[in-house]
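Here TrEMBL flags 68-100, 101-133, 134-166, 167-199 as repeat 'ANK'. For 1-24, the entry in TrEMBL reads signal peptide.
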Amino acid sequence: MPRLSTLCSIGLMLCITWTVSATTQELPEDASSPRYSTIDEAIARGDADDVKRHIKSNPDSVNQGKNPKLPPLHQAILRKRTEIALILIKADANLNARDSSKRTPLHLTTERNLPEVTSALVKKKANTNLLDSIGWTPLHHAAAKDQIVIAKALLKGGADPNTLSERGGTPLHEGAASGSAEMIELLLRYKFDPNVVSDNGDTALSIAQENGNTSAIQILESVTKK
């Protein structure tokens, strides 16, 4: 194999070019530049530091990723990237943005059961009473899934007991189907009316009875008007 001195003797320019090329490859990347081409990819890969780089280099990216129908905060929540979601919230992401199903970030935190993100959104005054495409607020979803911690955060954040679904039901109706006694008692404590009749004629008690939810039946029988 030819020695380096032999290679250089072919021509000074070739030797210099080879040396510069080798040196360039060893230079570290600019730490301030995003590693991935879009904030969407950084979220998908769970790279919180790169999300910060994207926001720093382009503040608009906090709300505008590559996918026009799914804002970055929605993406982070759907992928259960809690750290990244908190970064986006702190960076003033639109807390009430909607996806194609009219879901806000709060709707998605109930879908993915992320109470820490729910609390952060509520603390920043996200709207707790918006309806998604099936006509439910985030609290309707939390009650249906028996998510006590999330329900408490939403209620403390101003979830309105008088906000009905598009079919005239309250979160108490949804919780009555399969929710725990703790969920029913929580909603009643926040003055949810057990006597509200939905568009199809159901009260929370009748739903509990239809679904055989014994613990809910016992509580609701004591507070529902005959």
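Glycine is no exception: its Cβ is also placed from the backbone N, Cα and C atoms.
What TrEMBL says about a protein is an automatic prediction, not a curated fact.
Here the repeat 'ANK' (167-199) has, by DSSP, the following mix of helix, strand and coil residues: 17 helix, 0 strand, 16 coil.
Counting same-chain residues at least six beyond the ends of the repeat 'ANK' (134-166), those with a Cβ under 8 angstroms from any Cβ of the stretch are 104, 106-107, 109-111, 113, 115, 118-119, 121-123, 125-126, 128, 172-175, 177-180, 182-183, 186-187, 190-193, 196, 198.
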